[in-house]
Structures are given as structure tokens and as C-alpha cells.
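What follows is a short report on a single structure.
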Amino acid sequence: MIEIIEVQAREILDSRGNPTVEVDVTLSGGATGRAAVPSGASTGTREALELRDTRKKRYLGKGVEKAVENVNTLIGPVLYGMPADEQFMVDSTMIGLDGTANKSKLGANAILGVSMAVARAAADAYELPLYRYLGGIHAKHLPMPMMNIVNGGAHAANSLDIQEFMIIPVGGKTIAECVRMGAEVFHTLKKLLKAKGFATAVGDEGGFAPDLESNEAAIGFIMEAIKKAGYRPGRDVGIALDAAASEFYEKGKYVLKGEGKKLSSKQMVDYYENLIDKYPILSIEDGLAEQDWDNWVMMTDRLGNTTQIVGDDVFVTNPAIFEKGIREGLANSILIKLNQIGTVSETLQAIDMAKQAGYTTVISHRSGETEDAFIADLAVGVNGGQIKTGSLSRSDRIAKYNQLIRIEEALGAGAVLSNDFTAVVR
């Protein structure tokens with residue numbers, strides 16, 4: 001009663017008003033699953049390919065009609081009759097049907113939509129919540145949230161070069177308490193920015209996008225907001241950065257246009273080291289560019305003993321690339337994005353590799369999101385440790401936090417909040 005009998009895709013809009021793919025899967029016993037695919041703004045060059053129509057007169061070239069057609073006419077018929085609880089078989093079949101290294105024939109957005117919807121349909125068939133279906137009896141750890149409250153870089157039209165300034169409510173004992181702490185700091189920050197005459201409009205991921213004079217000024221505002229909200233920086237609430245350094249890497253130099261600086265790889269690491277010495281920065285993501293592979297080892301050696309060094313663009317959730325990074329000592333954490341690799345199975349493989357190698361994992365959204373909260377269930381199902389899903393505003397971000405609160409309630413006394421961080425006081 002779990003055979004796939006119908007696969008139906010459609011074009012919907014994401015949180016930026018751009019088209020994306022949504023897929024419904026129906027099984028022989030009547031179970032159903034629905035999934036919507038996210039989309040990134042700052043993307044790694046080796047990510048699985050998101051198929052767009054490129055017809056400029058329709059959605060300015062960003063339509064996904066071809067990806068939808070591929071699901072409805074090519075992928076669906078091949079999967080009919082296949083058991084939905086054989087996720088690896090389903091995903092391998094789609095990968096084989098595509099036949100390219102980066103899923104460019106059918107589109108990673110087409111393949112991922114089906115992969116996620118199949119997992120949901122199988123969970124429905126077994127009458128299990130998605131997190132329980134994915135993780136079995138071991139699914140009980142809620143992820144520590146990284147909350148992006150100041151946006152810069154490709155996520156905002158301001159002078160900040162660093163893309164995300166996040167808070168981590170390390171002093172929280174439950175996910176509900178973490179969400180409350182984050183919301184209180186977020187709203188306190190809004191008042192502080194407004195009092196200083198800065199705009200409080202939000203960026204793609206729900207964080208504020210003030211036009212500040214430097215990256216350090218943004219950290220200063222966050223420090224003040226933490227204190228004014230009644231929390232201790234480092235002990236109660238830490239700070240994390242996503243530099244997205246590939247976005248400002250030009251001809252072998254890191255060009256911080258907002259600060260008028262042009263830095264070598266070593267100087268860029270010096271820059272981070274100075275910030276870490278002054279502030280409770282617990283995690284730095286994509287501190288160097290994906291093209292600057294060799295210097296990632298240097299950065300990890302210098303900063304990795306005290307700071308989580310997260311690889312996003314440098315690994316793109318790709319098990320083959322990640323395996324090389326593990327072997328060479330790059331980073332000590334990996335960002336996990338479903339649409340970077342394009343199937344649930346390959347995502348689970350990357351997470352398993354990280355755990356075996358002693359890397360932490362951060363389950364992540366994209367800047368273009370929908371109301372789909374799949375990653376919340378995924379984070380709990382795989383005991384992911386951390387989740388990065390935006391600020392404490394915009395319903396596309398809040399949907400994930402709310403789902404985590406529901407899961408925590410369902411787990412009851414068995415729920416455990418993960419905390420990969422040691423309290424840091426600076």
C-alpha cells in the first residue's frame with residue numbers, strides 16, 4: 001500500500017516572489033506527501049543545478065515550467081509502482097534518469113521536490129511524523145538555532161560585506177525558550193537601530209539591513225541588544241557569522257568594499273581572529289572563498305580550536321567534495337542544504353559522513369524559502385545539532401521555528417536540546 005501512483009508538480013512562488021517547484025506524491029493506500037523547493041541567492045559554483053526557463057518575458061527568465069514538466073512527464077512515470085519507503089532506490093532512479101553530475105538535465109529543483117515529497121508520503125503511509133520516519137526512535141534531539149538578525153552581502157542592499165550576523169541562544173534549555181530569547185533580542189535590536197536613525201526594514205531572511213559603517217559596527221549593535229534584552233553575551237547568547245566570502249573574493253583578494261579594505265587570505269583570517277578576541281563569536285561560516293581551498297586548512301588550524309568553522313559553498317553538501325575536505329582537514333563543521341545536492345538520500349549521506357568524521361552539522365534554509373518546514377523535521381530526525389533558518393520575522397522563517405516547537409511538545413519529556421558550544425565570555 002506504499003507504491004507511488006501519482007506525482008504532480010506545479011509552479012508556485014517562494015518568499016522572494018520568484019517561481020519554485022512544488023510536488024505532490026500520492027501512494028496506493030491513499031497516503032500523500034507535498035514538498036516545496038527552496039532557492040539560494042549566494043550559491044556555490046558546484047551546487048546541483050536549479051533549472052530555470054530563461055524566457056525573459058515570463059517571470060524575468062526565472063520560471064520553472066520546464067522543471068515542472070520534467071516531473072510530470074519524465075520523473076513521475078518512471079517512479080510509478082515503486083515503494084515510497086525505499087528512499088535510496090527512488091533517489092538513485094532519478095539520478096540515473098538525469099544522467100549528469102549536477103542534475104542539470106532534469107533540474108535539481110525537479111528531483112529534490114519529488115525526493116522530499118516521497119519521504120513525506122512514506123511518513124504519512126506509516127502514520128508517523130516526518131522527523132520520526134527519518135530518524136526512528138533516536139529522533140529526539142532538537143537543534144540549537146542560529147538566528148540571522150542582521151543581513152548584509154547578497155541578502156541586503158547595504159554596505160555590510162559579511163552576509164549574516166547571527167545570534168545563538170546557547171543559554172536556552174528548550175527550543176521554545178531559545179525562540180523566545182531570540183525574539184527578545186531581535187525586537188530589542190529593532191528599538192536600538194530605530195533610536196539611532198537606522199532603517200528597520202528586513203532583508204531576505206528576516207533580519208535587519210541597516211547601512212552601517214563596518215561589520216564590527218553590526219556586531220556592536222548585536223552585543224548591545226543582547227545586554228539590553230537582559231542576557232549575557234557568550235553565556236546566554238553567542239554570535240555567529242556567515243561571511244559568504246566567495247561573494248567578495250576578487251583576483252585572490254578579499255575586498256571589503258564597505259570598509260575600504262583589500263585583504264590577503266592570511267589577513268582575512270587575522271580579521272576574524274581580531275573579532276573573535278573581542279566578541280563571543282562561536283561560529284564562522286564560509287570565512288574564505290570556495291576557490292581558496294588551500295587556505296581553508298590554514299584558517300581551520302588557526303581558528304578551529306575555539307571556533308566552529310563551517311563549510312557551505314566549499315562543500316555544497318556534496319559527499320564526494322566533503323570527503324576530500326575531511327581528508328585534508330578543511331573546517332570542522334558542514335552546512336547542510338537539501339537543494340545543494342538535490343536528493344534526501346545524498347543529504348543523509350553527507351550528514352552521516354560528518355558524524356563519522358567528528359564534524360558538527362548545521363541544517364540550513366535558503367534565502368528563497370516557502371512555508372515548507374521540511375528542514376525542521378530533518379534536523380530532529382538526524383539529530384542535526386544546529387539549524388539555521390533565518391530571523392524572528394517573516395512567516396517563511398517562523399514556519400520552521402514553529403514546527404520545532406510543535407515537535408518539542410510532541411516529544412515531551414524525551415526532548416533534548418542540542419548544544420555544541422561551550423560558553424564563551426569576552
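Using N, Cα and C of the backbone, Cβ positions are placed for all residues, glycine too.
The model shown is predicted, which means the values in this text are computed figures rather than measured ones.
Between the candidates K324, K355, K388, Swiss-Prot assigns the (2R)-2-phosphoglycerate site shared with Q163, K337, R366, S367 to K388.
Going by what Swiss-Prot states, the Mg(2+) site holds E285, D312, and the candidate of D242, D270, D352 recorded there is D242.
In terms of Cα spacing, the recorded positions E205, D242, E285, D312 that come within 10 Å of R366 ((2R)-2-phosphoglycerate binding site) are E205. Non-local neighbourhood of D242 (Mg(2+) binding site): N148, I162, Q163, E164, M166, I284, E285, D286, V310, D312, K388, each in the same chain, at least six residues away, with C-beta under 8 Å from its C-beta. Cβ neighbour count for K388 ((2R)-2-phosphoglycerate binding site): 29 (other Cβ atoms within 10 Å of its Cβ, all protein chains included).
In this structure, the C-alpha atom of E205 (active site, proton donor) lies 6 angstrom from that of S367 ((2R)-2-phosphoglycerate binding site). Surrounding the centroid of the Cβ atoms of D242, E285, D312, where the record places Mg(2+), the chain contributes additional residues within 8 Å, namely Q163, E164, L241, A243, A244, I284, D286, V310, G311, D313, L335, K388.
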